[in-house]
């Protein structure tokens, strides 16, 4: 291959991936968070977690494993070679030290063990943990660590006008009314429901603020009236004393 050309593997290998927080030493235990009703399955991790689960109190151990600190479950995951983030190289023996590229939230519990973030409970029913490769585990870890961003709906002027008009008619439209409006303005019924919930909260805040302003105005008027009466009485008293 000419010196000026690079393969895809060379390009990808040149990029440091120091944000990888998954360290899997050889024969080291894999730690899963206590997920209540989510983490429960066959005793050897070799089957799929697809059955009805027991309460959290019944989950005292899996495959003879113990419950670690912060409600993390320990389970054995066997790898052929010690691995770690590409920026750290091979990990031989993990003790209490921590790699500089791993976030401080990642902690270790003795030599040969590693703590990774909890696995999303939606994925557990479809996982066969014992057969996952290093790449798959890293991908799973990255998907879990990715921040969830809230999608904010941007309403058009026509949609806002239709929503406001219905809000003036009723503050609590039923499902049928919401669905009818949603079809008319090309929105999902769930979006209409959320909009009305937020609009009612705004309406209550405005109503409370208006009520407080009215009370303050009444207090001010009453105070002004009392002050005027006191001034009149004082002026009358001064006139009487002069006479």
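Placement of Cβ uses the backbone N, Cα and C atoms for every residue, glycine included.
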Among 88-147, 148-207, Swiss-Prot lists DNA-binding region at 148-207
Can you work out the mean pLDDT of the predicted model over the DNA-binding region (148-207)?
93
